[in-house]
Amino acid sequence: MSFRRGVVRQSKFRHVFAQAWKAEHCIDDVRVSRVTWDSPLCAVNPKFIAVIVEAGGGGAFLVVPISKSGRIDQSCSTVCGHLAPVLDIQWCPHDDSIIASASEDNTVKVWQIPDGGLTGPMTEPLVTLEGHSKRVGILAWHPTAFNILLTAGCDNVMCVWDVGTGELVYQLNDAHPDLIYSACWNRDGSAVCTVAKDKALRIIDPRRGTVLKARLKALYVREKVHDGTRPMRAVFLSDGKILTTGFSRMSERQMALWDTKDLSEPMAMQEMDTSNGVLLPFYDPDTNMVYLCGKGDCTIRYFEVTDESPYVHFLNLYSSKEPQRGAGYVSKRGVDVNKCEIARFYKVHERKIEPISMTVPRKSDLFQGDLYPDTAGLEPSLLAEEWIAGQDAPPLLVSLSGGYATPTSKHRDTLRGRPKLASQDSGAGSATTTTTSAPAVTKETEGETERPARANPTDGTVDRLRKEDDVLNELLAEMKALRTVVLAQSQRIELLERQLARIEDGDV
């Protein structure tokens, strides 16, 4: 089954358009790494942009605030604690200051970036994870459990770490007989999907150390995920399906959609083109859109995944003159909701980082709730020990209405505080140290924070509270009226879109 193009379909994302930012907003003179590993080379969150760069005698990556633009000075500070080139970097989804890096020196290091950015070379990580016997090229933070990190290396071993203690909690030695190409958690972090050089798509429960389902290489063509020998990628979708990218026997690039309940046949399959670059998929669970960035391509294709055949619908593509070395994708918390921006990429050139915005055209200045459903926030759903004990939980969602405001996390500083607790002595002095270095284990975390007694209100206070209540009631009334107007306009827009679709189909 292939994806159909040119079929008029009702969707609010039909007219999504991509636009590169002006030159003055780009980051120039970045010495992007020339490592041959097929990674995005860039990682972005709402606070920072990180790019793997060239470094003499070791491995390094650059970290700058997301508002940075202009030329990067050659003396600019980097994170440079690895002894060999860095292959992958990933920001922690629960703390915008924590980033993990994987390297050819067989280690994974976790770093904490100061809020204002680097002020000097950073060589000392928070923790170093040593468990692989060959270079490590894959990192994947757990989407809902705090401090859980998955790593995979060229030793065909997959490891799961509790970063807070530096402990290796699970190690899968026999799940993959060949090189692992990619690994991705599902929505609640209960399973991982992987693709490997043996052309197999596996769904793994890392806590049991077992392969739940696998689509393995066999004698029949239909038994393979992709027939080609070049690297593949796989991502879990929010409904449990899996989207893969790879190559055919004739080296044509392919994209396929799989139902995890039945891996015998793909739900959909399309051959894209004959380029050699690996297709890197970026998935947005809020809009159910998939963006494909090919290494060495000048285009970014984007699709919408639905429950209706042919399941994956081509929307459009962004095209430019210069090829991309990689790309960084910022989470939904970092987009500009006032401009109806639903996604933003940071395209990696040879020596430049270029932001590209994906926008839905809307005339209204009001918050577009249909474009921005509640999205995953910083707060984790589980602690590491809860997930290790067998618990699963979906992400904790936050509203983007009015722009996202970063909350004060009750788990902040847990990562650098917990490793110290084991060696601390009991007593008054150590209790003070525990509270300072690891606020995640204080009474506030347990919901037992003592609140000061509230003073009796005076007459003036009562009058002030009444006035505030009156103002609040007026605001609520205005909001209800605005909501009525918005709903009416939404219905009108849907009617006009249907009329436009009929005109495009020639029915009118």
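Quick reminder: no glycine exception, Cβ is built from N, Cα and C everywhere.
The compositional bias 'Low complexity' annotation in TrEMBL covers 426-438. Sequence annotations record features per position, and here TrEMBL assigns compositional bias 'Basic and acidic residues' to 443-453. According to TrEMBL, the domain 'DUF1899' annotation covers 5-70. Taken from TrEMBL, the feature region 'Disordered' applies to 407-463. Feature annotation from TrEMBL assigns repeat 'WD' to 79-113, 129-171.
Using a Cβ-Cβ cut-off under 8 Å and counting only residues 6 or more beyond its ends in the same chain, the repeat 'WD' (129-171) has close neighbours at 37, 39, 84, 87-94, 100-110, 177-180, 182-185, 187-189, 192, 194, 196, 204, 206-207, 209, 376, 380-388, 392-396, 411, 414-415, 418-419. In terms of DSSP secondary structure, the repeat 'WD' (129-171) contains 0 helix, 25 strand, 18 coil. Residue counts of the domain 'DUF1899' (5-70) by helix, strand and coil are 3 helix, 24 strand, 39 coil (DSSP-based).
Across the repeat 'WD' (79-113), DSSP assigns 0 helix, 22 strand, 13 coil.
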